[in-house]
């Protein structure tokens, strides 16, 4: 199974740790999430530790990323969304760096595992729920009954809206994990055929691999953006009840 396209997603224990009967071992997934966090912190430290009136290219790139997240919150929530910039920005950067780090050879893509993406999605879900109840109290429950719903249809609508609400973390996490896994499997399969194809098609497979890698990098960035924009939309539901 060492050459299986799915072998790249195997979880491997590096340090076996047991706490209170639970397995909390340090794995290859853990080390790549830690590495992604360190790289992100290093990137923004180098970009902002010596800010100048005429910014460097590194500072400009960091400011573009920050403004992208700030604009997402502003467009979806408005001024009230500014207080959530640290949370949403951290989510976007963590997912982005995990996705991009997984593109390097012989690395591991933490966001291809549902347990990682589901944990991030649950964080968003709990934040939205807590914010909704803190801001609106029991009136937050009106989210599950659209305005103007006929009384006879209310029970059915409440069930549908509640199910939709509870399904948010599942859909949010599955979308990210499935896209990252599918892209890496495709690259692995095509890379396996590249050497054989070069015998018959000369150098044609090489540009194809470059195009696919470029597309996968685009998908990695896009999936981080989609996860973040959906999180902003869910926060908007909690802050501005409709």
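Yeah, the Cβs are placed from backbone N, Cα and C, and that goes for glycine too.
Model, not experiment: these values are computed from the prediction.
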Residues flagged as transmembrane segment in Swiss-Prot, choosing from 63-83, 84-104: 84-104
Stated Swiss-Prot location of transmembrane segment, expressed as one of 8-28, 29-49: 29-49
Same-chain residues near the transmembrane segment (210-230), Cβ under 8 Å, at least 6 residues beyond its ends: 69, 72, 76, 88, 91-92, 95-96, 99-100, 102-103, 111, 120, 172, 175-176, 179-180, 183-184, 186-187, 190
